[in-house]
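Residues annotated as Cu(2+) binding site in Swiss-Prot: His17, His99, Tyr182. What Swiss-Prot lists as O2 binding site is His171, Gln180. Taken from Swiss-Prot, the feature compositional bias 'Low complexity' covers 251-296. Summarising the annotation, Swiss-Prot assigns compositional bias 'Polar residues' to 307-319. The disulfide bond annotation in Swiss-Prot covers Cys55-Cys185, Cys155-Cys243. According to Swiss-Prot, the domain 'CBM1' annotation covers 323-358, on the basis of sequence analysis. Look at Swiss-Prot and you will find Asn189, Asn284 tagged as N-linked glycosylation site, backed by sequence analysis. The feature region 'Disordered' is assigned by Swiss-Prot to 244-320. Marked as signal peptide by Swiss-Prot on the basis of sequence analysis: 1-16.
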Amino acid sequence: MKTGSILAALVASASAHTIFQKVSVNGADQGQLKGIRAPANNNPVTDVMSSDIICNAVTMKDSNVLTVPAGAKVGHFWGHEIGGAAGPNDADNPIAASHKGPIMVYLAKVDNAATTGTSGLKWFKVAEAGLSNGKWAVDDLIANNGWSYFDMPTCIAPGQYLMRAELIALHNAGSQAGAQFYIGCAQINVTGGGSASPSNTVSFPGAYSASDPGILINIYGGSGKTDNGGKPYQIPGPALFTCPAGGSGGSSPAPATTASTPKPTSASAPKPVSTTASTPKPTNGSGSGTGAAHSTKCGGSKPAATTKASNPQPTNGGNSAVRAAALYGQCGGKGWTGPTSCASGTCKFSNDWYSQCLP
């Protein structure tokens, strides 16, 4: 299927949130949906034991396999809808600012990335970022206009892999199944590299439990601040893979700085109404552990700072106070000044700070 047909099918069904849709390699944009296994819409996965937790509910699969040299700076781009923003004043692109949480990247070695299935694969984590100095990985993604970066480990064996990018939104994670998982997989071929064979692999489903401290968690401190109450945040999943001494591997996105990086392209298909969200306050859940939002490199070196993408940053606009909220959008809560009715679904109370349009 041609990319244009994929775009039309995906954009027509998109409604809210975010979707992984592009890869860059050493600053070179690989193209919209090239090498990407794409879901039918940008809705989250909420069941950690569902098969959708692997690569999402894939309905479109591109045949390209992207070449990634070992040690390359790899970017993964997220947008509210395929192509990025839902419109010129889409304040929720690349994702609603209320959707705080971590970002991770996993790899699984495969024989043929274009045709392999996703069940039974062994995954190892090559990048992670959580909460650091009051800022979440999602905050840096938004500041970077949808791009997040990591360094491909220099020591992993050459060959084909599935690359699983994941963003977890924790704004409503105080109750079980409240965390929202946004996931996508890319098909890559690593060139160069070494012979390291990661031992700390995990399976999906199975790597996460619904009660893990980084998944069932109240991230709100005093006055509704999203600082996890000043406590460290424990990133879900296995320990970050690192190369033996002398090689580099395992990294985390750094704070955004201004530079020139790949620019997402816009889809020509019509866009649905965007979802407006703001900071809710769940009433239960807990967070503990030792969070890790810094880079991990063997040999003591640090990854390059994340750079700011050149695609335009949408501005907050529109008359949200008079329009209905989209499915999964916020429709109430203390201090909420946006829509209080739902274009689809029913406005359901979650806690004093957050009500949401649900099916």
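Positions of Cβ are set from backbone N, Cα and C atoms, glycine also.
Since the structure is predicted, the reported quantities are computational estimates derived from the model, not experimental observations.
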Which of the recorded positions Cys55, His171, Cys185, Asn189 has its Cα nearest to the Cα of His17 (Cu(2+) binding site)?
His171
Of Cys55, Asn189, Cys243, which is closest to Gln180 (O2 binding site) if I measure between C-alpha atoms? They're all recorded positions.
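Spatially nearest to Gln180 (O2 binding site) by Cα position is Cys55.
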Using C-alpha atoms only, work out the spacing between His99 (Cu(2+) binding site) and His171 (O2 binding site) and round it to an integer in Å.
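So the Cα of His171 (O2 binding site) lies 5 Å away from that of His99 (Cu(2+) binding site).
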Going by C-alpha positions, which of the recorded positions (Cys55, His171, Tyr182, Asn189) is nearest Cys155 (disulfide bond)?
Asn189
Need the DSSP three-state call for His171 (O2 binding site) to compare against my parser.
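SS state of His171 (O2 binding site) = coil.
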When you measure from the Cβ of His17 (Cu(2+) binding site), how many other Cβ atoms are you left with inside 10 Å?
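I count 28 other Cβ atoms within 10 Å of it.
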Looking at the recorded positions Cys55, His171, Asn189, Cys243, which has the shortest Cα distance to Tyr182 (Cu(2+) binding site)?
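Comparing Cα positions, the closest of these recorded positions turns out to be Cys55.
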When you tally the Cβ atoms that lie within 10 Å of each candidate's Cβ, which of the disulfide-bonded residues (Cys155, Cys185, Cys243) has the highest tally?
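Selected residue: Cys185.
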Restricting to the domain 'CBM1' (323-358), what is the model's mean pLDDT?
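Reported value for the domain 'CBM1' (323-358) is a mean pLDDT of 76.
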